[in-house]
Amino acid sequence: MRPVIPYVIGALLFGAGVYGVLRRRNAVLVLMAVELMLNAVNLILVTADTTVRAALPHGGQVFALFVIVLAAAEVGVGLAIVLQLYRLRASVAVDTVRLDAAPASELDEPRVTTS
Amino acid sequence: MTGADVLLLALGAVAVGAGVLVVTTDQLVRAGLYLVVCLGAVAGLYLVLTAELVAWVQVLIYVGAVVVLLLFAVMLTRAPIGRSPDLNRPGLPAALIGGGAGLGLAALFADAFRWSAVDLPAPGTAESLGTELFRSWVLPFEVLSVLLLAALVGAIIVSRPDIGSRP
């Protein structure tokens with residue numbers, strides 16, 4: 001087995017994820033691109049576990065399991081935030097979110113459709 | 001080139017192709033379905049790499065739960081069926097940074113490993129991985145359970161503005 005093949009696949013998947021996070025406006029698509037990046041890292045961890053003889057056996061696979069659990073937690077909280085944003089703004093475009101607005105006043109605002 | 005190499009190349013081509021389609025397609029629901037293909041191909045890669053338990057956990061949690069949650073979010077935000085022209089921002093900086101990261105890391109790995117070959121170990125069973133998990137990694141495992149509880153509580157509080165805005 002040539003270790004370079006899965007390593008390069010993981011690197012390319014990570015690049016696709018970075019591109020998606022920077023390119024997409026829709027927050028759900030940004031979350032999908034983040035999942036791609038997490039999967040690329042998982043693939044590299046599992047490949048390293050298979051090809052490197054470590055002091056602790058199966059460390060890479062254990063880390064991959066931990067990353068999968070973290071991804072599940074991340075997507076749960078992320079989707080709660082996205083749905084709350086949609087409830088406030090009727091839009092999930094990430095580049096129209098004003099980060100400097102006070103949160104309390106935003107809750108009282110009526111729904112606005114951003115351009 | 002052994003059989004494992006051919007399998008890795010084929011599954012990797014499927015994974016990278018579906019991954020690129022996820023970040024370039026114009027249709028929201030199709031992006032979610034391409035993500036299923038990509039994650040399934042990565043699960044196949046895990047199987048070839050003898051990480052059996054990780055492959056099935058990937059299928060269960062990613063394909064089964066995470067993608068379904070993402071598709072729920074697509075539907076709850078009333079995404080249009082069909083093409084959406086306003087999904088993307090200007091692409092040149094994203095293509096530069098994403099392509100630079102991907103190709104740069106790929107070049108780094110290719111330079112580090114060249115075309116060297118290793119022997120695949122015996123297929124790793126759930127038993128060996130579980131033994132290792134509960135022998136050497138018990139504390140991170142328990143911390144993760146606390147983190148999952150915190151994420152659960154956080155998701156509930158974020159999605160209920162009447163709780164979150166109370167002073």
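Counting starts with 1 at the first residue shown.
Yeah, the Cβs are placed from backbone N, Cα and C, and that goes for glycine too.
Feature annotation from TrEMBL assigns transmembrane segment to B:6-24 (among others).
With a cut-off of 8 Å between Cβ atoms, the residues of this chain six or more beyond the transmembrane segment (B:31-49) that come close are 4, 7-8, 11-12, 14-15, 18-19, 21-23, 25, 55-56, 58-59, 62-63, 67, 70-71, 74, 120. Summarising the annotation, TrEMBL assigns transmembrane segment to B:31-49 (among others).
Same-chain neighbours of the transmembrane segment (B:55-76): 28-29, 32, 35-36, 39-40, 42-44, 46-47, counting only residues six or more beyond its ends whose CB sits under 8 Å from a CB of the stretch. The transmembrane segment annotation in TrEMBL covers B:55-76 (among others).
What TrEMBL records for B:96-117 (among others) is transmembrane segment. Taking Cβ pairs closer than 8 Å, the transmembrane segment (B:96-117) reaches no residue in its own chain that is 6 or more past its ends.
For B:137-158 (among others), the entry in TrEMBL reads transmembrane segment.
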